[in-house]
DNA sequence: TGCGTTTCTCAGGAAAATCACAGGTTGCCG
DNA sequence: CGGCAACCTGTGATTTTCCTGAGAAACGCA
């Protein structure tokens, strides 16, 4: 198990029965991700969500544990909180890099943290998200990191397609039937979540849990509101793709059927 | 994690002599579900209904018992009331997850408590239903959770078929002979119940107990009413599939025979 | 700092779904 | 064939769910 661990992850994908596409390693084994954060609720939340992506997860609560776990677990990617109790984020990063020179890292930082320092770090192909984050954001960025860290083959994998609607996760470009559509950040994430689960009813709770940040305490009708925004931009004057299932949720599907 | 743990449930299904399709574990043994609620009437109700699905059930009345039972019983899914006497629902969840990292959980919550405490819970692929629930709802969601938690293979398992009538539990789509049919939530659940028991007479009492929430206090003729709605939508101008057995109940079967 | 954009709350209104009621219909039994 | 029980279904009141306009607050950027 340990010695057999291949370091590179190709951008190989497979399509699950639900129509979700998931990343796999070249040998077909699941992607491995190490989550490092000192707040238990955060590691739990992330572990749950990332496991649901079909990935194998380990977590650590401090820098020392992170390095240890990394050595043994040999993850394909690391989610690393920059604010750890025992050592500075940069120190942890350095030690991780000694163990796993090529592993991509997704940094978690507080909103007000010095952004330029992070910006410097991400130059190496890493990435970061600010707390409080949304799970869609973390998952999307991790997918991107893992995809790019492997044999850089197909770029097409970053494009979601449902009917004549396309969404590029890299360039954040969205178009329907050739027409470019400008979406705000939230609209984009909502649409991405819908498109990653086509023909599947998603409840408002699911959407809220996934697209909005984990500390969102507002009204559940933001979902309705943003669905309404999306419809205006995507379905306006066309055959609708976004459908309401009263009492159940929403779903997206090609206009044809 | 633990090598001895029979953790995964494949989406394997088999069709019983009565025509009911039931979930099974890869080795053919029954699915195991742990029910946790402090109200005895609820655990009894659920245990009975879930046993009827052919599943193996254990129940616990508090968090401590839940964790203990989980450790020993190693269920494939857990039904967990968020309001327990001895500990907070999230705490129970955390401890359960330590025992069984990948087990899917179906949360039971009060109708009005939905917004606040549910946050983040569905993100890991878990799900919830609000009290008072209908048994069909609980069973359907549990089946979904178990299906998705296992080796993600066949898609067809979320689609019920009787004759030329199909019902997709994921997209909530219903069609007969190619024509799409729009159903309301209650109609959908009623039809699902009928279709999960094809060629079998279901009494009005059974239907009421199963499709309507357990605290429903209305007139028993809602069943007649909704059967009438269904007929209008499904049998309209075609060979009827829904039949009345006077004094006994209703049944659905392919139009041909 | 100031301005445009984005996010979100609030609330009114529309639409849909649920269900009670009651009169009509059907099938069964003597 | 008559009568009764079981069943069917039209009507409409009530409730639930959803949609969306308006505007406040937060944000991002120059």
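A Cβ is built for glycine as well, from the same backbone N, Cα and C atoms used for every other residue.
Marked as DNA-binding region by TrEMBL: B:157-254. Look at TrEMBL and you will find B:10-19 tagged as compositional bias 'Polar residues'. Annotation comment: TrEMBL describes B:32-146 as domain 'Response regulatory'. What TrEMBL records for B:157-254 is domain 'OmpR/PhoB-type'. The feature 4-aspartylphosphate is assigned by TrEMBL to B:81. Summarising the annotation, TrEMBL assigns region 'Disordered' to B:1-24.
The residues of the domain 'OmpR/PhoB-type' (B:157-254), classed with DSSP into helix (H, G, I), strand (E, B) and coil, number 36 helix, 24 strand, 38 coil. DSSP states for the domain 'Response regulatory' (B:32-146), grouped as helix (H, G, I), strand (E, B) and coil, give 59 helix, 28 strand, 28 coil. Counting only residues at least six positions away in the same chain, the Cβ atoms of B:36, B:37, B:38, B:39, B:42, B:89, B:107, B:108, B:109 sit under 8 Å from the Cβ of residue B:81 (4-aspartylphosphate). If you average pLDDT over the domain 'OmpR/PhoB-type' (B:157-254) in this model, you get 96.
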